[in-house]
């Protein structure tokens, strides 16, 4: 008997109350454990239904009201395919709730180059596959030339001139921009695009070369190109960017923090240890199976999330009795509104969850619900949430970050 026939038979039996409804509802169907709901009888995407149980039968009873979508899968993004690799984005047109941040995945083959360019916004990056040669120049003629590997990051301030080159067979990077409307005209400026739209006699005068030098300039402009790995170094100008001025950050400078609550680790990279990163702050979070980022909120900005591996569930409380639960998997992005309350839980029994928290801010900051209750007079806190004082008195006063 085919799976669909078995499912139909099982659902019919459930409808007749001949067998109990599974805990958490019927997988892939809008049927809750309580008996609420019914089967899908029309068109539906079964794979998406199975990946998002919190939208159907698995939604908690505590969810309430109309809460906008806060999730986007990069698999739904249009992929721009080029000879040097590919690019796919999440911008505000994809996820209208993401005002502060836009994201992109960029893949470069060995020798592939992300063309020389600059932006009207800042660009931050996290490398999760391969390695890259990073090149940048400031308005003062200082330069950066650095090789970055998995876990390393960079930050280019608004207007900084830069380029990337892939150094291994396959290289992939997450780019973050501090404006959700990243595709707006006047955001990205490509050097080859500019040159191809400048009269050749002007170019000749500017660079002191014959006009024919620019006969083969790329037109239309290519964001990625094939090339060979650079063997050149850079000298002169006003010297290299180093120390607190460096645009690059090696993750070895941010050891994993074994948090008090157990259940995982956090690595924080913000302006405290990466001084140039003034508008993007990051936490790399690893949750063990069953681990949970404790109930908290962020006082400084929206939280933009990138899920690198594993599976997660999060409930977002946006005030006024409104709350919604979302399911996340590898390749998903999410955004939680400024100051909204939430948690993130690893729903796997065997696999570690790895995700990035990103903020349009100079530092990572959160307020722990548990710590707030514990550091409030216990009788007041107990009255506020209608629990015995003993419950408040046993809550740890130290921020736990992650619990298991």
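Cβ atoms are placed via backbone N, Cα and C, with glycine included.
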Among 99, 107, 162 - the residue Swiss-Prot places in the same Mn(2+) 1 site as 117, 119, 123: 162
Cβ-based isolation winner (fewest other Cβ atoms within 10 Å) among the glycosylation sites 226, 244, 346: 244
For residue 226 (N-linked glycosylation site), the three-state class that DSSP assigns: coil
Which same-chain residues, if any, lie at least 6 apart from residue 298 (Mn(2+) 2 binding site) yet have Cβ under 8 Å of it: 336, 338, 339, 359, 365, 366, 367
Minimum Cα separation from residue 357 (active site, proton donor), reported as the residue among recorded positions 117, 123, 162, 226, 303 that achieves it: 303
Pairwise Cα distance for residue 226 (N-linked glycosylation site)/residue 296 (Mn(2+) 2 binding site) [Å, integer]: 45
Candidate with the highest Cβ count within 10 Å, taken from the binding-site residues 123, 303: 303
